[in-house]
Amino acid sequence: MSEYLFTSESVSEGHPDKVADQVSDAILDAILAQDPKARVAAETLVNTGLCVLAGEITTTAQVDYIKVARETIKRIGYNSSELGFDANGCAVGVYYDQQSPDIAQGVNEGEGIDLNQGAGDQGLMFGYACDETPTLMPFAIYYSHRLMQRQSELRKDGRLPWLRPDAKAQLTVVYDSETGKVKRIDTVVLSTQHDPSIAYEELKNAVIEHIIKPVLPSELLTDETKYLINPTGRFVIGGPQGDCGLTGRKIIVDTYGGAAPHGGGAFSGKDPSKVDRSAAYACRYVAKNIVAAGLATQCQIQVSYAIGVAEPTSISIDTFGTGKISEEKLIALVREHFDLRPKGIVQMLDLLRPIYSKSAAYGHFGREEPEFTWERTDKAAALRAAAGL
């Protein structure tokens, strides 16, 4: 029987790029809490002893950006110079400008050529869902995120006190070529930052027994499963001391782990007028509801926009041969049941709220948090009825 392999990865909240994402989204949330109509594009750079805040922000909110950045870094766990990055001791520079008026007139409702709220930029976005996991996410990315959440949990509650914030996980999964179903887990790679005092064998055994095995489905772990734990043998220097971190560099981790295409636009630090973020969330909402409705077991949707124009310039759907109705009919249902104009998306998903910090680590999709409206399946019944199933 033929098989194929597929791999996805996740990173922890202490990974330098994720530190940057979380600072950017914490600043976005602090602004939206006071000014829901703010225009925010908050970028962050973190390096040894340094946090740089830059980008474009137009708002009436009064926010202590330096305080927000320090509190976020401290919450992640970088609270000591021994870790190479200290929330209280690092220098924080603030270099924000305002949104370009040329862009603003295309986004502000009633201005520009299109009197509806136009898209904040041109671009293409994808959404995806499949029936491999309970939250309709691909297997490898879903469980890679769960491994990283487990690492954080054991670090913060003190059960494995030698863990440090920076970590990465990677899963290679074996699929049956005929059924397309997961057969077993081939390889688990998990690298975690640690105190210098811990012996390698003790670390390896603890990671396998306390992080990996409680998370991954036991029936998919076999005698052939390979465990690669801190493969270099040592991971003491990490976080922003080990690598420079930037907002928006983990876009595949943030989405579907490579199981679906990506339009290229990052999420964190962007208010919902930026379709890079809001339309990608809407695409996930559409795809998840199509799969939840039983109209397909796998669904990928692409939408595209032009700056300053409200209506999408294209909508396309691929169900990879699993659809119960044609893709043309699915597109018609999407147009009928989902408003994919920027303002329609914001209203449909209630996005003008300070809900984004939680999304900045462990994936934007496949987590059924109460704030994550794009994970609801409240349109599934209507879609199924409209399809005549």
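Quick reminder: no glycine exception, Cβ is built from N, Cα and C everywhere.
Taken from Swiss-Prot, the feature ATP binding site covers His15, Asp166, Ala167, Lys168, Arg234, Phe235, Asp243, Arg249, Lys250, Ala266, Lys270. DSSP gives Lys250 (ATP binding site) a coil state; it is part of no helix or strand. Lys250 (ATP binding site) counts 25 other C-beta atoms within 10 Å of its own C-beta, drawing on all protein chains shown.
The annotation Mg(2+) binding site is assigned in Swiss-Prot to Asp17. Its Cβ taken as reference, Asp17 (Mg(2+) binding site) is surrounded by 22 other Cβ atoms within 10 Å in the chains shown.
The K(+) binding site feature in Swiss-Prot is assigned to Glu43; the stated evidence is sequence analysis. Annotation note: Glu43 (K(+) binding site) sits in a strand segment as assigned by DSSP. Its own atom aside, the Cβ of Glu43 (K(+) binding site) has 22 Cβ atoms within 10 angstroms in the protein chains shown.
The annotation L-methionine binding site is assigned in Swiss-Prot to Glu56, Gln99, Asp243, Lys274.
Averaged across the region 'Flexible loop' (99-109), the predicted model reaches a pLDDT of 65. Annotation comment: Swiss-Prot describes 99-109 as region 'Flexible loop'.
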Work out how many Å separate Asp17 (Mg(2+) binding site) and Asp243 (ATP binding site) at their Cα atoms, rounded off. 9
Just counting, how many other CB atoms are there within 10 A of the CB of Lys274 (L-methionine binding site)? 23
Please give the greatest C-alpha separation between any two of the ATP-binding residues His15, Asp166, Ala167, Lys168, Arg234, Phe235, Asp243, Arg249, Lys250, Ala266, Lys270, in angstrom, as a whole number. 36
Between Gln99 (L-methionine binding site) and Asp243 (ATP binding site), the C-alpha gap once rounded to whole angstrom: 30
Closest of the binding-site residues to His15 (ATP binding site), Cα to Cα, picking from Glu43, Glu56, Lys274? Glu43
Mind computing the max CA-CA distance among Glu56, Gln99, Asp243, Lys274, which the record assigns to L-methionine binding, rounded to whole Å? 30
Cα separation, Glu43 (K(+) binding site) to Lys270 (ATP binding site) (Å, whole number): 9
